[in-house]
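What follows is a short report on a single structure.
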Amino acid sequence: MISCRFRTMTRVSRNFSDTVEKEALPAVSADVIFASSRFPNYKIGANNHIVNVKGDPKVLSMKEIVARETALLLEQQNRLSVRDLANKFEKGLAAAAKLSEEARLREAASLEKHVLLKKLRDALESLKGRVAGRNKDDVEEAIAMVEALAVQLTQREGELIQEKTEVKKLATFLKQASEDAKKLVDEERAFARAEIENARAAVQRVEEALQEKEQMSRASGKQDLEELMKEVQEARRIKMLHQPSKVMDMEHELRALRVQLAEKSKHSLLLQKELARSKRVKENLSHLYELDGAEVLGSYLRIKPCSDIAPELSKCAIQWYRISSEGGKKELISGARKSVYAPEPFDVGRILQVEIIYDGQLIMLTTTGAIDPAAGLGNYVEALVRKHDVEFNVVVTQMNGVDQPSESIHVLHVGKMRMKLCKGKATIAKEYYSGLMQLCGVRGGGNAAAQALFWQAKKEFSVVLAFESERDRNAAIMLARRFAFDCNIMLAGPDDRASLGT
């Protein structure tokens, strides 16, 4: 019965999840999920897609798999492993050996006790023959006590012999149980190793299938992309050969129209000037000067003498004005006192007039019509407005009214909240839009006036900047005024706010 009970305790299930410890399993990639207990069957379907074969068992959800594995781990934790049972059998065998040693020591001690009792009885017998009276009775009583002790010692020896026999039986049983447990451990270990190898093989098959699927998807996607690119290129080639771009045609037509418009405008301007000259001849007026230049933003106007008797312009007082085309209101352009004036964005849609005074005589010259806007400038500025900060390459020609001989490149930053002038990493000026700031085109300055502007960042700092082109100069003025207007500030030149009613 005892052997049967211990063999029942040492019986361990051959379930892989119950016998293999958690640390014995190698680490598996977190991307691999075993949906079933066997390797799944796959089938290549249409478009090289991997599909499950019909008839496969129901695939468990992730939540169910986690719950099942958790329950198995808890059950495994609460049950003794085969190794624990083997350790317990080994401890029992050691305890049996210890008991056997103690029994041997007790047997030796018992033998010594018998020898002592016999010697003691012999001494008392010899003493009994030499004494008489009361002492003799005491010796007889002592001999009786020694004989009683010998009887008790004999009984104790019998019990020890019986215990020794039982201990030997127990040691034999424990030794046999330990050997059985070791055999069972070896069998379970071999079974666990086989299960581990099977699991590794399954994982490797899954990884190979995933890699193959990924390579197939990459190859198919790359091939589809290459085919699509070839089709697009072929379509573009056919379109360029048989269907010219409408945008290109429109651009060419627009460019031709601009050229024709410029020629017609120039021809019309010449006709108007000739008509004005003929009217003055009829009215017997002296024709000493005329305005030369295109009346469009991005160009400049120059006072040109038309007679040999015309006084030198350096000896005359000159002042430019802008006149509203609607009400005819005359506005003085502060600082415009040179023979050359480059229109700025404020002048678009207005007529320009210049007064020449010599020896008390007043001569007035007026443009034939309002100043026209520059072609494409509005769209260019609208594209720049979308940026947070716009940079322009400039050259500082004057600083605080003093000419600057150096022509090093600076960068003008026109932002939504401020303007900044830099040279390399050094910042020369950085100011937020305010009522003290002034910005306008240079009012004079010769042929380069159309590419220069005047900027007064604050009262004690002002510069004249030359841009790379007339387009950049006018775009910078319009962009800065647009951003300043968003900040409820009217950004203009000297005295322009008064003429604008601000």
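Using N, Cα and C of the backbone, Cβ positions are placed for all residues, glycine too.
Quick look at what TrEMBL annotates:
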type   : residues : note
COILED : 182-238  : coiled coil
DOMAIN : 62-104   : domain 'Stomatal closure-related actin-binding protein actin-binding'
DOMAIN : 108-275  : domain 'Stomatal closure-related actin-binding protein coiled-coil'
DOMAIN : 289-386  : domain 'Stomatal closure-related actin-binding protein Ig'
DOMAIN : 389-496  : domain 'Stomatal closure-related actin-binding protein PH'
Secondary structure content, the domain 'Stomatal closure-related actin-binding protein Ig' (289-386) (per DSSP, counts of residues): 15 helix, 43 strand, 40 coil
Number of helical, extended and coil residues in the domain 'Stomatal closure-related actin-binding protein PH' (389-496), per DSSP: 24 helix, 51 strand, 33 coil
Segment-level pLDDT (mean, integer) for the domain 'Stomatal closure-related actin-binding protein Ig' (289-386): 88
